[in-house]
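K.L.:
One structure coming up, written as structure tokens, with questions to follow.
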Amino acid sequence: KDRISYFYDGDVGNVYFGPNHPMKPHRLCMTHHLVLSYDLHKKMEIYVGIELCSSPFFVLMNCLNVSFTLFCSHWILQRPHKAYPTELAQFHSADYVEFLHRITPDTQHLYASELTRYNLGEDCPVFDDLFEFCQIYAGGTLDAARRLNHKTCDIAINWAGGLHHAKKCEASGFCYINDLVLGILELLKYHARVLYIDIDVHHGDGVEEAFYFTDRVMTVSFHKYGDMFFPGTGDIKDIGDREGKYYAINIPLKDGIDDTSFTRLFKTIIAKVVETYLPGAIVLQCGADSLARDRLGCFNLSIEGHAECVKFVKKFKIPLLVTGGGGYTKENVARCWAVETGVLLDTELPNEIPDNEYIEYFGPDYTLKVPNLNMDNLNSKTYLSSIKVQVMESLRAIQHAPGVQMQEVPPDFYVPDFDEDELDPDERVDQHTQDKQVHRDDEYYEGDNDNDHDDGGH
């Protein structure tokens, strides 16, 4: 039986990108409450702060300062750590990290040139608690990677992670810090080869770019390509360079791809990739904007089709780090990631959603299933066959799985450059109080009444 570690900090769901912005981090709270309502937490090690449990029982136990381990052995009294600036600077430039730490909505008017340099603006706005938001989701992915490295779990889940567009020195596509690159760098301390798989509708450009010149990471991205679709990269001809030639694999797809076409192509390619590359660990980015009915997506996958990819990767029995990513119809994002948590636990969820704090957002039918759209699949069999042939040719060009010389393993944690007081979790506002404050009239309409705009997208 796989040992699953699950990382969640409810503060990550309380940030607000601004009115009309498609990114709604509160989808993470909705996901977490679905996980709880289906009792999936009872089958995992849950790394959260104790104040994140708002049921009367947990509130009482918290007030009485009673250890949860007496009652509920799967709850861990350790929230995911907030990544230190020095950890973020293992990939990002120190000046960019420092700028994210310094900038606030009240001071951004003083930094016009820096905002342009670091690509902060309409897509990547400055909002309250921006840096803490980055620290939380990056810290979750780093903690997940370290649990895998120390073999204390087989699968680690951080739905808050997966922000794959961020670059070394700039924000991009709603992403500020690239937690995936940081997590992969952590895994590389213990594993000679790491495989990165991305099923977000958008190309995983930030991760590919970070490892484009190395054979120690193979990146495989399935995404929409063409028609000026963001980010505009990910052509099948982009295969890596220098030592990394043939170690970047891009599967450019067209609108309307359905479950059958997508899963067949996915399984064929990933099976050959794993056979050829022999990764020591896998990172799977599960962006849910590849689902049908996503506000910014253009694919026609059901949750079952999306989850089938997760199920397939799990079967390899290779240490697996699973993250979220895109996804802009928030109730469907929550449905998808709850189902995929179940898949990773070998647990099939009943279609009827149990009562939970966000149940009203899953109406009118209150079920998990998301029906496909009646739309054309522009990916012909001929086109998909040509994609498969080209990918297989690239894989044949790899003689064997690359090795790496043994060396001393670097330490897990870096010296923090924050004052201890700044990192004290006890100073935070009670999570239940924050949950009650986060509801905004302009953010929580259901379905087509939501004010998200369909233009643009990441």
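Glycine is no exception: its Cβ is also placed from the backbone N, Cα and C atoms.
Feature list, courtesy of TrEMBL:
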type	residues	note
BINDING	D123, G173, Y328	substrate binding site
BINDING	D200, H202, D289	divalent metal cation binding site
COMPBIAS	426-442	compositional bias 'Basic and acidic residues'
DOMAIN	76-342	domain 'Histone deacetylase'
REGION	408-458	region 'Disordered'
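Please situate the listed features within the shown structure.
P.N.:
Under the DSSP three-state reduction, D123 (substrate binding site) is assigned to coil, being neither helix nor strand.
Cβ-based neighbour count (10 Å, all protein chains) for D289 (divalent metal cation binding site) stands at 27.
A mean pLDDT of 98 is what the model gives for the domain 'Histone deacetylase' (76-342).
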K.L.:
Where the distance is taken from Cα to Cα, which of the binding-site residues D123, G173, Y328 turns out closest to D289 (divalent metal cation binding site)?
P.N.:
Y328
K.L.:
Look at the binding-site residues D123, D200 and tell me which residue has the greatest number of other C-beta atoms within 10 angstroms of its C-beta.
P.N.:
D200
K.L.:
So which of the binding-site residues is most packed in, judged by how many other Cβ atoms lie within 10 Å of its Cβ, out of G173, H202, Y328?
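P.N.:
Going through G173, H202, Y328 one by one, the largest Cβ count within 10 Å is at H202.
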K.L.:
Three states by DSSP: which one describes D289 (divalent metal cation binding site)?
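P.N.:
For D289 (divalent metal cation binding site) - judged by DSSP and reduced to three states - the answer is helix.
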